[in-house]
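Some notes on the structure that comes next.
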Ligand SMILES: C[S@@+](CC[C@H](N)C(=O)[O-])C[C@H]1O[C@@H](n2cnc3c(N)ncnc32)[C@H](O)[C@@H]1O
Ligand SMILES: Nc1nc2[nH]cc(C(=O)O)c2c(=O)[nH]1
Ligand code: SF4
Ligand SMILES: [Mg+2]
């Protein structure tokens with residue numbers, strides 16, 4: 001089961017702003033331009049979307065978490081050795097307190113934010129890792145995770161999954177950015193081309209083809225083995241960058257990897 005379904009920590013009694021934390025661990029960045037870089041991951045719980053394929057089920061469809069104060073989160077980050085921190089989720093930007101966490105870490109760490117691109121932030125970010133969601137991510141009664149009534153979420157997800165203003169803001173705000181698309185097959189490429197053109201149309205910042213990353217859909221080694229060669233071939237054909245999912249290859253996306 002990718003990401004933690006039980007939470008090792010208790011809710012805090014400490015004073016101050018808090019965030020719902022599903023897991024916090026050191027690993028290697030598995031995805032994107034910084035793949036392979038030792039990084040501490042802070043995974044918040046809660047999301048405004050419901051991708052059918054979400055590899056973090058216990059932060060979206062069925063959130064589990066402990067509430068930790070920002071001071072406790074910073075202390076847990078400081079107790080680990082990486083100088084890169086990845087704030088992810090769930091969708092980290094649904095929580096106002098995420099901005100305060102980023103500000104508290106900014107002087108001492110390289111900060112990546114993994115976001116679905118529907119929300120903005122004013123906080124310091126070194127790499128905005130933006131993963132806009134395509135039509136192929138939308139949950140239906142057939143593909144949604146078991147025991148979930150997807151009817152409501154089909155419409156809510158479809159309505160919310162692309163926000164060009166938020167995408168422009170994220171691309172302009174961070175020191176660096178990447179647009180990291182989850183690709184399920186050739187049919188996704190027309191929408192990616194159209195969305196990249198739309199983003200280029202709403203920002204003055206240059207969006208190079210090398211800022212566009214194609215990532216194969218797959219939560220397990222077996223699933224990835226079925227998708228990655230086609231996605232790599234599509235990246236080569238369209239001139240975009242391919243990103244592996246190293247944590248799936250190496251650890252089969254076990255919790256805290
Ligand atoms: C769990 S999400 C959390 C951050 C944010 N909610 C988002 O979607 O970007 C982290 C990354 O995993 C990707 N992802 C989620 N499920 C996936 C899957 N089944 N296959 C490939 N990538 C996936 C997301 O697109 C995103 O880039
Ligand atoms: N190793 C590793 N790299 C990652 N890069 C982005 C991740 C995420 O869940 O946001 C992730 C993750 O869960 N594990
Ligand atoms: S936006 Fe991210 S966390 Fe939310 S459901 Fe999709 S992949 Fe999961
Ligand atoms: Mg992950």
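For all residues, glycine too, the Cβ spot is worked out from N, Cα and C.
Because TrEMBL annotations are produced automatically, they should be read as predictions rather than curated entries.
The record from TrEMBL ties 53, 54, 55, 131, 132, 133 to S-adenosyl-L-methionine, and of the options 16, 90, 185 it ties 90 to that site too.
Record check, TrEMBL: substrate site residues include 28, 29, 30, 88, and the candidate from 9, 18, 43 also listed there is 43. Within 8 Å of the Cβ centroid of the [4Fe-4S] cluster site, not counting the listed residues 47, 51, 54, the chain contributes 49, 50, 53, 56, 57, 59, 60, 61, 90, 91, 116, 137. Among the binding-site residues 30, 54, 55, residues whose Cβ is positioned under 6 Å from ligand 1 are identified as 54, 55. In the three-state DSSP scheme, residue 90 (S-adenosyl-L-methionine binding site) falls into the coil class. Residues 27, 31, 39, 41, 86, 114, 247 surround the recorded substrate site, their Cβ atoms falling within 8 Å of the Cβ centroid of 28, 29, 30, 43, 88, which are themselves excluded. If you take the C-beta of residue 131 (S-adenosyl-L-methionine binding site) and look for same-chain residues 6 or more apart in sequence within under 8 angstroms, you find 114, 115, 116, 117, 179, 180, 181, 182, 215. A Cβ distance below 6 Å to any atom of ligand 3 is met, among the binding-site residues 29, 43, 47, by 47.
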